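The structure under discussion appears below in the form of structure tokens.
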Amino acid sequence: MPEATEGTATLPAAEEQAVPKSQGRSDGAKPRSLWSDAWRDLRRNPLFVASAVLILLLLVMTAFPSLFTDASPRDGNLQGAFLKDPEYGKVFSAEWLGYDGQGRSIWARLVYGARASVIVGVVVTAAVTLFGGLVGMLAGYFGGWLDSLLSRLTDIFAGIPFLLGAMVVLTSFDVRSVWVVSAALVFLGWTQIARVMRGSVISCKQADYVVAAKALGAGTGRILLRHILPNAVAPVIVVATIALGGYISAEATLSYLGIGLADPVVSWGIDVSAGKDQLRNAPHVLLFPALMVSITVLAFIMLGDAVRNALDPKLR
Amino acid sequence: MGRYVIRRLLQMIPVFIGSTFLIFFMVYTLGDPVAALFGDKAPDPATAARIRQELYLDEPLWKQYLHYMGQILTGDFGTAFNGQKVTELMSNAFPVTLRLTLVAIVFEIVVGIVLGVLSGLRRGRSVDTSVLLLTLVVVSIPTFVSGYVLQFLFGVKWGLVPPAVSPEAPVDELILPGVVLGLTSLAYVTRLTRTSIAENSRADYIRTAVAKGLPRRRIITRHLLRNSLIPVVTFIGTDVGALMGGAIVTERIFNIHGVGYQLFQGILRQNSPTVVGFVTILVIVFLLANLLVDLLYAVLDPRIRYA
């Protein structure tokens with residue numbers, strides 16, 4: 001919260017000076033904008049590079065899991081491979097990280113599990129950003145009774161604990177696919193973005209460029225989309241990136257609790273839940289999916305953190 | 001001040017009604033409590049109709065809600081489907097979770113502020129960088145992961161603490177669960193303190209204090225900390241509510257029979273009175289904590305005055 005308001009207070013000011021100049025010149029001597037500045041910063045940040053590579057790898061894993069393993073994540077072999085220990089020498093083979101309680105290759109399940117996590121994370125973040133962003137923008141720009149109404153609505157949805165609410169929604173579904181789990185997370189998850197967007201819009205709606213656009217006779221839609229949005233979106237992007245990691249973590253938590261995804265969907269949360277009963281004699285069954293969730297969440301949170309630092313030099 | 005408190009309390013009423021109605025709607029319309037009562041068997045239609053009538057489930061939702069709220073105001077939270085009073089469940093569960101939350105809060109305050117001050121005073125140095133990286137890693141580890149890993153290491157492998165908590169849940173058994181519960185917030189406290197300290201350490205009043213020749217310890221504790229801890233207090237205030245409702249995973253891992261356990265059981269079995277009752281209390285805690293934080297602002301920062 002305090003971080004977000006700081007960001008909204010400093011960002012528009014920097015942008016304000018950069019934008020009018022760059023519009024005036026077309027001879028190539030462009031002053032650096034907030035975004036190009038941020039991009040220069042990011043490329044030199046090792047944390048950003050590391051997280052970007054990790055995320056790229058995850059995306060490839062999501063799209064083409066068979067590139068990483070030949071084994072099937074659902075073929076169990078109870079006789080030959082029940083809880084078999086990892087063979088760390090055989091990197092990337094089916095035996096690499098051992099087998100779980102149903103004799104399924106843990107490495108294959110890690111690879112195929114990426115899909116559920118990444119889809120839930122991306123879908124929820126996209127939906128939450130669109131809906132929360134819209135609510136926040138309307139509340140912030142129009143103010144008055146609309147703001148009171150939308151802000152109270154945000155308060156109401158924020159008043160219910162996130163995980164708890166998602167659980168209550170999910171119990172009413174018999175088949176809990178990736179889309180159902182995503183919908184449950186969106187249902188209560190949009191409030192954070194709405195609040196950030198509202199604060200951000202309020203802090204830049206009085207700016208000179210908005211007044212100028214109004215004086216030139218620009219319509220409300222044009223002002224919102226062409227003038228307010230580009231200047232108010234930076235803190236939202238930061239929060240959304242960090243939240244993406246949180247949604248992946250939430251999906252894994254729900255699946256672990258048995259209220260999220262269920263077999264035959266391959267999900268790291270399900271695997272952690274299955275591994276907890278064998279924690280004493282075969283800790284690898286729990287540890288590898290747990291590690292995978294943590295690394296994935298870390299990648300997105302690291303990315304968000306790097307973007308935040310690049311966009312808001314004051315925090316450095 | 002008094003008028004401000006009253007105004008805030010009045011503003012809380014619509015949010016309270018809205019949140020409780022929302023959870024009421026979610027529990028009673030999305031699920032079917034009567035079907036849940038019978039488990040996997042199909043209920044006899046006549047019996048189901050009678051139970052519906054007894055529980056006011058045949059009325060429109062807003063009437064059910066009004067009836068429920070009327071009961072709550074007289075202190076009657078209804079009866080769980082196994083015949084136990086919901087208030088009885090609460091009086092067993094809330095003290096346990098309160099102790100757990102206290103352990104978590106103390107842990108995150110002490111460790112988080114120390115780490116935050118250390119890194120904030122040495123901004124950009126290696127201590128700072130490693131603390132920042134550490135907080136990122138800690139935030140990324142979901143509670144069910146840190147819970148099982150720490151339980152495995154401390155409880156099973158090294159045998160330092162009992163891996164599960166006994167029903168009475170004394171404070172010493174709650175230390176490890178409390179640490180697990182507080183880990184994520186610990187990272188936030190650390191980062192907030194660091195940012196705040198780093199910003200304030202360049203303020204004029206610090207330069208004045210240094211120029212006056214005050215000892216370093218006094219500058220840090222009296223001048224820097226007092227001014228830097230305001231955002232941290234805000235965070236901790238709102239965190240109390242979040243921790244109490246968010247202990248579902250921690251309580252499950254360590255077998256603690258607190259609020260999270262009751263809620264989880266209630267949700268799984270679609271035990272509507274339990275879920276709605278507990279969430280109602282949690283919403284109240286959450287709202288009051290937010291109010292308290294706003295009032296604490298004025299105490300900590302005399303520049304803020306509420307008319």
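If you go along the chain as it appears here, the first residue is 1 and each next one adds 1.
Note: Cβ is positioned from N, Cα and C throughout, glycine not excepted.
The list of residues near the transmembrane segment (B:12-31) in space but at least 6 beyond its ends in sequence, with Cβ under 8 angstroms from a Cβ of it, reads 57, 61, 64-65, 68-69, 270, 272, 275-276, 279-280, 283-284, 287, 291. Per TrEMBL, transmembrane segment is recorded for B:12-31 (among others).
Taken from TrEMBL, the feature domain 'ABC transmembrane type-1' covers B:94-297.
Look at TrEMBL and you will find B:98-119 (among others) tagged as transmembrane segment. Among residues of the same chain six or more beyond the transmembrane segment (B:98-119), those with a C-beta under 8 A of the stretch's C-beta atoms are 127-128, 131-132, 134, 169, 171, 174-175, 177-179, 181-182, 185-194, 196-197, 220, 225, 229, 232, 236, 239-240, 243-244, 247, 250-251, 256, 258.
If you look up TrEMBL, you'll see B:131-154 (among others) marked as transmembrane segment.
With a threshold of 8 Å between CB atoms, the same-chain residues lying at least 6 positions outside the transmembrane segment (B:174-192) that come near it are 99-109, 111-113, 115-116, 119, 131-132, 134-136, 138-139, 141, 143, 146-147, 150-151, 154-155, 161, 165, 231-232, 235-236, 239, 242-243, 246-247, 250-251, 253-254, 256. Here TrEMBL flags B:174-192 (among others) as transmembrane segment.
Annotated transmembrane segment per TrEMBL: B:224-249 (among others), in sequence order. For the transmembrane segment (B:224-249), the residues of the chain that approach it from at least six positions outside its boundaries are 97-98, 100-101, 104-105, 108-109, 112-113, 116-117, 120, 142-144, 147, 181-182, 185, 188-189, 192-193, 196-197, 199-201, 203, 205-206, 256, 258-261, 263-264, 279, 282, 285-286, 289-290, 292-293, 296-297, 300-301, judged by C-beta separation under 8 angstroms.
Per TrEMBL, transmembrane segment is recorded for B:275-300 (among others).
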